[in-house]
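Heads up: the structure comes next, in structure tokens.
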Amino acid sequence: MSAPSLLDVTIDFSTSHLVFPTIVGTLLVLMGAVLAVARRHEIRAALAGGIGWPTDMDGLRFFGTLVLTAVYFLAMNEIGWRWPNRGFGFLSASMPFLFAMSVLYLHERSRRHLMLAAVVAVLAPLVAWLVLFRLFDVSLP
Amino acid sequence: MDVLALISPAFFGLVAAGTVIGIFFGAIPGLTATMAVAVCLPLTYSMGLGTGLAFLLGLYVGGISGGLVPAVLLNIPGTPSSIATTFDGYPMARRGEGERALKIGICASLFGGLFSLVVLYLFAPPLADFAIKFSFVEKFLIILLALTLLAALGSGMLTGLFSGVLGMFVSLVGVYDINNGGNGDIRLVPGFLETWLESGFSLLPVLIGVFGLTAVLIEAEHGVREDAATKKLLLASGKPFRLSVFRGQWVNLLRSSAIGTFVGLLPGIGGSAASILAYSQEKTFNRKEPDAFGKGAPSGIIASESANNGLTGGALIPLLSLGIPGDATTAILIGAFTLQGIQVGPLFIGDNPGVWQAIVIAMLFANLCMVLVMLFAIRPIARVVMVPKYLLLPIILMMCVVGAYTINSGVMFDVWTMLAFGVFGWLIYKLRLDMAPFVIGFILGPSAEVYFVKSLESFGTLTIFFTKSWIAMLLWVLILASVTASVAIARAGARRARMAAAAEA
């Protein structure tokens, strides 16, 4: 056997869960630093313009999507608890959610568009419920 | 399991249904094959192994193929893999040859799909047989090679590698699994989340988040503009389609399909690379009509479409023989396989010959369905690209929520995971990092950890990664080659950019 070298490693089983995360974490920090240096001109340009939300962003539709989706999760679960194992939580939360999302995304909220959105908001969850819950036995809230 | 036990009328019915739904997803700009598989996953939760796989593979083939419809008719690639189809497809449509261009694309897609299926059938089993001999050392090096390859051929070595390592880091959250020889201790989790994150983030909610919700958020950020409705569809007023257009195209078909299959084999590189690579090769080597490209040359469509369908079989080769996904869509397929209790890897084909044959049959049938549906229903499909987004995106969101919620039979934490990773995916997009390496790093992270730590535990020296066998040495040569190639490509690109800038000045 050759003499022990720098490349020899002994891993203690009790701390073995930290070996790989430490290596990967170190790599991540190093590469992040190199990436930041490589992109320094862009970063400087971005910082020069002041920190804030991009001006070309449609904030209402973007954050509206996030808020409505979160409310949808909560409502679906809450209603689902009242009548368990029937998928009613899904059904009754999805219809207003779909309609609200369509209205949020519409640019020109004419009567015709709103009617179409309402019809889809009723039909789509119904079809999904029939197919998933009734036909495929997928458990829905 | 015997192949006959898996195949039933329902099996073929679900391949067909999956293909049709996939075509619609592919045809609608902004929706992709990956999203089709992610969104339709809950349908397979209660299906059996054979039928579930049949449906998902149909979605995959249909989703990749459907992208050519808006590429030709609206100059918008329906999926990224149809990008080069727009170069010549749209000029043809403007001449009134929309239907002809579509049919040329459909036939080329069929050729590419079947070509790659033959390659898959011939090469996956021997590759798997070879890979069975791999020890943890070689398996770790294969993952390392996959990561460097996808970084080298993606949008930039550094960005790709960083994204891949980030995915790996996120995958290590939770307990070092005892089932894999770990010590069962938790890491990288803040105390108040320990109950929820004990086994880390669930794979499918993460994937549904980054591929489903992220796409919706990107649309919402840009204000959900209806781009399809403003343009007029140009189907058929000019030259009709004849099969004779394929005369003299054999070299193009074979080369482009082979490029697509090869690109599919390499992990993490999507269909857009396959399509553009095949297109530029055909443009370079075409002597008959070199000036026609970009103005409506059928050869351009043939190159792009045979390459992107060539991807389908190619991407399944590393998935089924090594357990490494070849692209984002097959990454989701890994999740679906796991759900059905199947571990993909070198042992998969040998242990499950029936399932393997069923996969090949499903792919074959999906390609045939794709051609029949697209050839005979091209007009209704062409109308689908006009479905307004304000109706479509809410439905996609609903399906994402259902998919995440039902995966573990109603764990709300999974839904929050989906939402968090949807936002995270949007951040990745904003920071111009790469999603595909992130996802593949995320999927392969836990295996990489086990292979690496166990190798060191048994051999006690880092030199083992170089000296274990000739395969290990060969893998290092390939890793170095991919790094060198990527540096060379980046330098050449920078030089071209400098020259272009100098020419402009």
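The backbone N, Cα and C atoms fix where each Cβ goes, and this holds for glycine too.
Per TrEMBL, the feature domain 'DUF112' maps to B:14-440.
Look at TrEMBL and you will find B:52-73 (among others) tagged as transmembrane segment.
According to TrEMBL, the feature transmembrane segment maps to B:101-124 (among others). Beyond its flanks by at least six residues, the transmembrane segment (B:101-124) meets 61, 64-65, 68-69, 72-73, 85, 88-89, 92-93, 241, 243, 245-246, 253-254, 256-258, 260-261, 264, 296, 298, 301-314, 316-317, 320-321, 349, 356, 360, 363-364, 366-368, 370-371, 374-375, 378, 382 of its own chain at Cβ-Cβ distances under 8 Å.
Residues of the same chain lying 6 or more positions beyond the ends of the transmembrane segment (B:136-154) and with a Cβ under 8 Å from any Cβ of it are 160-161, 163-165, 266-269, 273, 318, 322, 324, 434, 436-437, 440-441, 444, 447-448, 450-452, 454-455, 458-459, 464-465, 468-469, 471-472, 475-476, 478-479, 482-483, 485-486, 489. Per TrEMBL, the feature transmembrane segment maps to B:136-154 (among others).
Sequence annotations record features per position, and here TrEMBL assigns transmembrane segment to B:200-218 (among others). Outside the transmembrane segment (B:200-218), and at least 6 residues removed from its termini, the chain residues within Cβ reach (under 8 Å) are 30-32, 34-35, 38-39, 41, 170-175, 328, 331-332, 334-335, 338-339, 393, 396-397, 399-400, 403-404, 407-408, 414-415, 417-426, 428-429, 435, 438-439, 442-443, 446.
What TrEMBL lists as transmembrane segment is B:258-279 (among others).
Under the heading transmembrane segment, TrEMBL lists B:328-349 (among others). Tertiary proximity for the transmembrane segment (B:328-349) is limited to same-chain residues at least six positions away from its ends with a CB under 8 Å from its CB atoms, namely 33-34, 37-38, 41, 44-45, 49, 52-53, 56, 60, 63-64, 124-125, 128-129, 131-132, 134, 203-204, 207, 211, 270, 315-316, 319-322, 355-356, 407, 435-436, 439-440, 443.
Distant neighbours of the transmembrane segment (B:355-378): 1, 3, 6-7, 11-12, 15-16, 18-20, 23, 49-50, 53-54, 57-58, 60-62, 65-66, 69, 99, 102-103, 106-107, 109-110, 113-114, 117, 120-121, 124-125, 309, 312-313, 316, 320, 342, 348-349; these residues of the same chain sit at least 6 beyond its ends, with a Cβ under 8 Å from one of its Cβ atoms. Annotated transmembrane segment per TrEMBL: B:355-378 (among others), in sequence order.
Sequence-distant contacts of the transmembrane segment (B:390-407) (same chain, six or more residues past either end, CB-CB distance under 8 Å): 28, 31, 35, 38-42, 45, 202, 204-205, 208-209, 212-213, 215-216, 219-220, 224, 226, 339, 414-415, 417-418, 422. Look at TrEMBL and you will find B:390-407 (among others) tagged as transmembrane segment.
Taken from TrEMBL, the feature transmembrane segment applies to B:413-429 (among others). Here the transmembrane segment (B:413-429) has long-range neighbours at 163, 196, 201-202, 205-206, 208-214, 216-218, 221, 400-401, 403-405, 407, 435, 438, meaning same-chain residues at least 6 beyond its ends whose C-beta is under 8 angstroms from one of its own.
If you look up TrEMBL, you'll see B:436-453 (among others) marked as transmembrane segment. Sequence-distant contacts of the transmembrane segment (B:436-453) (same chain, six or more residues past either end, CB-CB distance under 8 Å): 136-137, 139-140, 143-144, 146-147, 150-151, 154, 160-161, 163-172, 176-177, 180-182, 200, 203, 206-207, 210, 267-270, 323-325, 327-328, 331, 334, 428.
What TrEMBL records for B:473-490 (among others) is transmembrane segment.
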Sequence-remote partners of the transmembrane segment (B:52-73) [C-beta within less than 8 Å, at least six residues beyond its ends]: 11-12, 14-29, 32-37, 40-41, 43-44, 79-83, 85-86, 89-90, 92-93, 98, 101-102, 105-106, 109, 113, 228, 231, 233-235, 271, 301, 305, 308-309, 311-312, 329-330, 333, 336-337, 339-340, 355, 358-359, 362-363, 366-367, 369-370, 373-374, 378, 381-382, 384-385
Model confidence over the domain 'DUF112' (B:14-440), averaged pLDDT: 87
